[in-house]
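Novice: Straight from TrEMBL, here's the annotation block:
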type	residues	note
DOMAIN	166-484	domain 'Aminoacyl-transfer RNA synthetases class-II family profile'
BINDING	Asp397, Glu404	Mg(2+) 1 binding site
BINDING	Glu404	Mg(2+) 2 binding site
Amino acid sequence: MQVRREKRERILARGDEPYPVSVPRTTTIADVRAAYAHLETGEETQDEVGVAGRVVFLRNTGKLCFATLQDGEGNRLQVMLSQAVVGEESLASFKADVDLGDHLFAHGRVISSRRGELSVFADAWQIAAKALRPLPVLHKELSEEARVRQRYVDLIARPAARDTVRLRAAVVRSIRENFWERGFVEVETPMLQTRPEGAAARQFETHMNAFDIDLFLRIAPELFLKRAAVGGVEKVFEINRNFRNEGVDSTHSPEFAMLEAYEAYGDYDTMAVLTQNLVQRAAQDALGKTLVTLADGTEYDLGGEWTQLRMYDSLSDALGETITPGTSVESLLTYADKFELSFDPKNVNHGKLVEGLWEHLVGDHLVAPTFVRDFPVETSPLTRDHRAVRGQVEKWDLYVRGVELATAYSELVDPVVQRQRFEAQALLAAAGDEEAMRIDEDFLTAMEYAMPPSGGMGLGIDRLLMALTGLGIRETILFPLVKPAQQ
């Protein structure tokens, strides 16, 4: 870095600016490549352009120097500087001052070199931004740790990193357009909340000085979106971040992007149709296909109709014994011990055991997209009771590659039953369950004004990217939270 700092000082000393306000760029590298792709080897034009980009290759010896410029999308263009054209002093400054990683402007004629390389034969050049740190070796793989800690370097060095950013943008755009076409209204609900609500999870807590109250980063927008539905926003969705103060691994991040949507007069079946269409269209719009092929050779097709399983039936098949909502906690604990699954004895119940066993024996092994339906009532306090089966609720989870991608309910809209569910959750919280929900009187007041029968769904944006790419969750987030490096 010291040598590069000295170069910066030298540029300033001669009256030039290593970080100019602007440069006279007339076109982009991509546009030059598109407009002059037809040039034959050695063909020259009189067309002059001004281009700029990051220097990713440099050969600066002799009387003819070469630099390769790269734009933010990975397009590259060669620049040639001849002493006969730019002059001895200018070429000497180029050799002395320009390094790999600098942003460089070049003006000149568009030609094809004697080796057939599309080039700008420069008559003028200027540093657009001086890099004080050297780039990593571009043909060597960055470590995963380096990629997430210095994503800006990762984006420079790896085309795959840049592709993931654009893929994510295409997926989110597809989802939004799909909702707009269906007449849904996009809203924003509070990030700072006076109580954690909408999901079973541990929360982040802070303090608001102006009101002298504790606040929580939201764990889900669900209850506010339902308030909007009560008020008459019958088709509503939100794409935003949620925060959960829990473990970090390849599928979990404390800050993550989530889609939630609610539709009046729908149920969990209509949400399944909606979710399948959202995912399939997003894959088609972003990838141009629904068949996903991962680096390890794994393939699955997001197209067509997806498999549907019932939680109790598929768990019974895996165990070889019938499991029902009436199966005792003691019996389920016996199976948990058999498969070496641990549960908190203070907070264990039938529903948690059924879901834990199912995830271990069935969910972890589902590769192709699969809806698992009809969950235990104990673990779904915001969900309507099943219309035909006692002890179950109308909820599904969508699994792809063994990871939960989305969930949906036939929403519980009876305020009396909702209060009973909250009171049961409050007892669990009092007993030490940190993920149990608390009673939300304002939400119950809203429900007492009557929420129409509704279907609701939530889909993880980061996890959808995981399903489309095979990447871990940190690779799908542009700047994931990482533990500070030791100084």
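All residue numbers here begin at 1 and follow the chain in the order shown.
Yeah, the Cβs are placed from backbone N, Cα and C, and that goes for glycine too.
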Novice: For Asp397 (Mg(2+) 1 binding site), list the number of other Cβ atoms lying within 10 Å of its Cβ atom.
Specialist: 19
Novice: If one looks at the chain holding Glu404 (Mg(2+) 1 binding site), which residues at least 6 apart in sequence have a CB under 8 angstroms from its CB?
Specialist: Gly363, Asp397, Leu398, Gly460, Arg463
Novice: What does DSSP call Asp397 (Mg(2+) 1 binding site) in the simple three-state scheme?
Specialist: strand
